[in-house]
Amino acid sequence: MTGGVVVVLGSTCQNFAAGMSGGIAFVLDRKKIFSSLCNQEIVDLEAVTGADVELVRGLVRDHQQLTGSSVAERLLEDWDSSVKMFVKVMPRDYKRALQQLKEEEEAEKLKKENHPAMNGEKTNGEKTNGEKTNGEKTNGEKPNGEMTNGEMTNGLKQEDSPPPIKKQTDSSLTDIEEAIPDTTNDQKIIDRVLDKTRGFVKYPRSKVKYRPPKQRMKDWNEIYYNKGKTELKVQAARCMECGVPFCQSHTGCPLGNIIPRWNDLVFQDKWKEALDRLLLTNNFPEFTGRVCPAPCEGSCVLGINAEPVTIKKIECTIIDHGFEQGWITPQIPAHRTGKKIAVIGSGPSGLAAAAQLNKAGHWVTVYERNDRCGGLLMYGVPTMKLSKKIVQRRVDLLAAEGIKFVNNAEVGKNMDAQQLLQDNDAVLLAVGSTCPRNIPLPGRDLEGIHFAIQFLETSQKRRLGNYNLPSLDATGLDVVIIGGGDTGVDCIGTSLRQNAKSITNFEVLGMPPKNRSVTNPWPLWPRVFRVEYGHEEAAVKYGADPRVFSIMSKEFIGDERGHVKGIRTMQINWVQDATGRWTMEEIPNSEKVFKADLVIIAAGFLGPEKTLAEQFGLKKDPRSNFATEKNKFLTSVPNVYAAGDCHRGQSLIVTAIAEGRQAARQIDLDLMGETSLAGPGGQLHSIKPTPTEIKVTA
C-alpha cells in the first residue's frame, strides 16, 4: 500500500503492513490479536481518535449502503463502542512526512502573515488567493469549465492492443502534472516515502507518453510528450539493481550501458552524475532515447513476471536535462597525436567513431555524400521521431570539438579512394547498409512503386527546403506499404501527414501474440503485438489499424498509362514442419486486389553499395558486407576499417553506435600501440595489442 485510506472489517493474516509505505489502514480488531499479526517494523499502531472517528464511520456507512453488509450494520448500531475496536495503522515514514509538511505549511502561513501582499491582498488589481481571474477557474478546471480528470490518459502510447476508435478532444492535456494545478505537497510526500528497496513490487510501469494522435498528426513536430520529471523517480525506484543485470548484457543494450547505476542516480536526484555515467558508454543518448526499440527493456529482469523498467524514457530525460542545464559543452582534446583519420559516412556509426577518435587526440575528417551530415539520422528517420535540430545540434558540437565535416563528397565520383589512403593514417568505412531489398514481382517496373528509403529521404529533404527533387508525395493517394518494422511505421506516419487518401500495410508474417510465446522466452527480444505511433494515428484518421497480416503480394497491376493501380494478393498460413522449420502455404480462394496509387517497399536492406568495395579492393562476406575477422574491424586492405551496418548487416542505431565506438578503439590501438578508449560497458583500462589483434584479414 502506497497511499489512500482503507478500512478492514475482516480478519488479517501474518505480516500485515510489511510492504506499506504510505496511506492509512483502519483494522477491526475484535479479538485484540492484531498487534501479533502485524509487521510493526515500519508502522505504528494507534487508537482511532479525533477526526478519524467520523472518517471511519463514514466509510463503514458507505460500505453498508453499497453492499448491505450485516457486519457494517451491527457496527453502526453501537458506533461509540465499535470505534474502540479499530486500530489505526500508520507508516512511520509517511507520518513523519505529513508532520514535516504540516510544519512547512505553518511556516509558510506565518511568512504570509508577515507579508500582507502574499496574503490575498490585491496586487496590480488582481487577487492572489485563487479567486477567479479573467473568468477562468483555478481549481483544476479548464477555462470552459470542463474537468480535466477524464482526459489525463490522452496521449498514452498503447502497447498491448490496437487503439480504440474514440471521439478525440482537442485538448493537448496529457499529463497529471497539468491536470492538477498544484502537486507540490503530494510530491513532497512521495519524495520522502518512496521505497527503492521494494519499488519493483510497489510501483507500476509508466509507459512512454505521446502527444494525442489528433494533435500530433497535424504537424511534423516530435510525437513525444516530455514535460516534467516527476514520475521518473518512481520509475527509477522500480530498478532492482540486479546481481546480474541482463539489461546491459549481450541480450540487452549493445552499448553495455550501466543502466542500474544511472537509474539509481536519477532516484537520488543526482542528474549530473547520471549524465556523466550515461556518456561514459553512449555518445548520443538523445538519439537512442528517441528511436531505439529498447532491447534493454526486453531483457529487464523485472520483465520476467511484470512490466520492465522504463529505461528508454529515463535515458532520454537525462540527456535532454543535461542540454537544458548547459552541462553539454564541447570537449576539445588537450593534446593531438598528429594522426589523421578519414571516416566515410556520417550516420550513427561514423559519428560515434569520429567522436571517440577525436577524444583520443587524432585529427578526424568525416566525409558525407549527402548535402547534410547525419546519414540515417538526418534523412532516414522522420522528423516526428527525431527532430533534425537535435541531429544538427550534435553535429555542431562535434565540429566545435575539432572534427571536420565535408558534405557532398562521394568516393568514386568526386573523391579517390587511393588518395584518401595516401592522405590518412587510417580510413574507416561507416556507410551503412543502403541497398534495399527488392520485390521482383510481375509489374515491378510500373511507375508509382518506390523503396521506403527513397520515399522517406525525399520527404525529409523537401521539409528541409530542398525543392529541386522530383515530387514523391502521398497526398490524395491510396498508399500500400509492403513490409512492417520501424521503417514501415515511419512510412505510415509520413504518408498520413501528407494526407494520403488511405493507407494499408502488408506484413507477410502472422499477427504476433499479445504475450511471449513458449519459443520466445525472456531475456530474448519479445516478439509480441505492438501498436506503434503510426498504427495509432492511422486508426484514428482512417478508422482501423492499417496492418494486414499473413499476406503475400503476387502481382503489381498497372493502368493504361503504365502507372500502378493495384496489388494482387493471397492470404497465407504459416506451418511448422517436423524439423521446426516454418513454411508458408497459400490459402485457396483468398485472392484479393488492393487499390494502390503509391506502393512503398519497406522490405529491409541487403548490404552496402558495391562502389566502395570496388574502389578500395575490399573482400566481402557471404552477406555482401565488408569482410573482417570476427569481432574485429580491419578489412582485407591494410589501414581500411569497417563499422556499422556495412560491417555486420542491417541493425539498430544503438548497435551502429556500439560498432563505431569499438572500431575507433581498434584504430587507436593499431595506430598508437595502446588505447585508453572505453570498451564495451565503459571499460577504461589501457590495453596493448597482441599479434592477432593487428592481423590483416587474408
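Glycine is treated like the rest: Cβ placed from N, Cα and C.
Annotation comment: TrEMBL describes 123-144 as compositional bias 'Basic and acidic residues'.
TrEMBL lists 146-156 with the feature compositional bias 'Polar residues'.
Sequence annotations record features per position, and here TrEMBL assigns domain 'Glutamate synthase alpha subunit C-terminal' to 1-51.
Mean pLDDT for the domain 'Dihydroprymidine dehydrogenase' (216-326) in the predicted structure: 92. Per TrEMBL, the feature domain 'Dihydroprymidine dehydrogenase' maps to 216-326.
As annotated by TrEMBL, domain 'FAD/NAD(P)-binding' applies to 340-660.
Per TrEMBL, region 'Disordered' is recorded for 105-171.
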For this session: Determine how many residues of the domain 'Glutamate synthase alpha subunit C-terminal' (1-51) DSSP places in helix, in strand and in coil.
Result: 5 helix, 21 strand, 25 coil
Seminar exercise, completed: Helix, strand and coil residue totals from DSSP for the domain 'Dihydroprymidine dehydrogenase' (216-326) stand at 59 helix, 1 strand, 51 coil
